[in-house]
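Encoded as structure tokens, the structure appears first; notes follow it.
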Amino acid sequence: MKKGINRVVLVGTGAVGCSYAYSMINQGVAEEFVLVDVNEAKAEGEAMDLSHAVPFSPSPTKVWSGSYADCKDADLVVITAGLPQKPGETRLDLVEKNTKIFKQIVRGIMDSGFDGIFLIATNPVDILTYVTWKESGLPKERVIGSGTTLDSARFRYMLGDYLDVDPRNVHAYIVGEHGDTELPVWSHATIGVQKLETILANNEQYKQEDLDKIFENVRDAAYQVIERKGATYYGIGMSLLRVTKAILNNENSVLTVSAYLEGQYGEKDAYVGVPAVINREGVREIVELELNEDEKAKFAHSVKVLKETMAPVL
């Protein structure tokens with residue numbers, strides 16, 4: 001890392017990577033931003049285009065297309081490269097294809113002398129974050145996946161819409177796999193300072209079956225978007241930006257990232273979406289929510305599915 005200069009390297013300039021890159025320039029988060037892609041011309045073109053937006057950014061950012069060698073002085077490497085999810089394909093269906101790609105990418109990055117933090121977004125994100133941790137040899141705290149940050153954002157947006165409340169005042173989490181086995185933590189959902197269950201008990205117009213439908217829409221949101229426009233990228237781009245800001249600004253923010261469990265929630269040796277405190281060192285600590293029995297069972301099932309899917313590719 002270069003003292004006093006925040007450098008972020010993005011590996012993968014597809015739709016997700018470029019949405020993240022645009023968000024980064026739009027908010028002026030890093031002083032140096034490097035784009036790397038197997039398609040060098042694409043990375044170069046994106047860097048040129050982004051550079052032309054810098055005069056409108058809140059703060060200047062030096063943007064260029066580079067190579068894995070640029071990772072040597074990076075504080076953060078964000079990986080969005082990999083094969084995208086096709087219509088009808090689950091995130092877990094991608095595991096074998098993207099694991100092979102990822103191992104090559106991580107080795108190339110580590111050969112540069114990189115000693116910063118990894119942030120992974122490629123699906124299946126929990127498994128590929130684990131693969132990155134194993135391949136890199138970095139401390140578990142410095143390998144993070146986007147986890148259920150986007151799912152939690154979708155959850156808060158839809159709950160806010162249903163209750164007619166600013167989603168920024170909705171405090172609710174989706175945990176587990178970023179995918180079909182994820183689960184809502186209803187027992188800890190609050191609107192402002194009031195428990196969601198209290199609001200339901202005191203207002204006849206709000207019903208649990210409506211909330212259950214909201215969760216189904218959260219869980220299946222990616223499928224719905226992919227069916228209509230081919231891919232999701234704005235939401236995950238902003239999610240990655242949020243985690244990036246928490247890291248570079250040493251915020252100690254609580255975000256539902258994919259973090260390594262070693263006994264928390266009764267699970268170990270798995271990366272999975274849970275609330276965690278994020279700062280300049282990566283994951284400072286995991287926030288262990290007291291789940292009810294139903295939530296515990298669903299969380300255990302989610303981790304079990306991840307481990308079973310991951311086993312053949314490790």
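Residue numbering: from 1, along the chain as shown.
The backbone N, Cα and C atoms fix where each Cβ goes, and this holds for glycine too.
Every protein chain considered, the tally of other Cβ atoms within 10 Å of the Cβ of Asn123 (NAD(+) binding site) stands at 28. Swiss-Prot lists Val16, Asp37, Lys42, Tyr68, Gly82, Leu83, Ala121, Thr122, Asn123, Ser146 with the feature NAD(+) binding site, giving sequence analysis as the kind of evidence.
Secondary structure at Asp151 (substrate binding site), taken from DSSP and collapsed to helix, strand or coil, is helix. Counting only same-chain residues six or more apart in sequence, the Cβ atoms lying under 8 angstroms from the Cβ of Asp151 (substrate binding site) belong to Ile174, His178, Glu182, Val218, Arg219, Ala221, Thr256, Gly273. The annotation substrate binding site is assigned in Swiss-Prot to Gln85, Arg91, Asn123, Pro124, Val125, Asp126, Asp151, Ser152, Ala153, Arg154, Thr232.
The beta-D-fructose 1,6-bisphosphate binding site annotation in Swiss-Prot covers Arg156, His171, and the record cites sequence analysis as its basis. A sphere of 10 angstroms centred on the C-beta of Arg156 (beta-D-fructose 1,6-bisphosphate binding site) encloses 23 other C-beta atoms.
The annotation active site, proton acceptor is assigned in Swiss-Prot to His178.
All chains included, 16 other C-beta atoms sit within 10 angstroms of the C-beta of Tyr223 (phosphotyrosine). Tyr223 (phosphotyrosine) carries a helical DSSP state (H, G or I). Look at Swiss-Prot and you will find Tyr223 tagged as phosphotyrosine.
Annotation for Gly82 (NAD(+) binding site): same-chain Cβ neighbours under 8 Å, separated by at least 6 residues, are Gly12, Leu94, Lys97, Asn98, Ile101, Phe102, Thr122, Asn123, Leu128. Ranking the recorded positions Gln85, Ala153, His171, Tyr223 by Cα distance from Ala121 (NAD(+) binding site) puts Gln85 first. Take the Cα of Gln85 (substrate binding site) and measure to each of the recorded positions Val16, Lys42, Arg156, His171, Tyr223: the nearest one is Tyr223. Taken residue by residue with DSSP, His178 (active site, proton acceptor) is part of neither helix nor strand, so it is coil.
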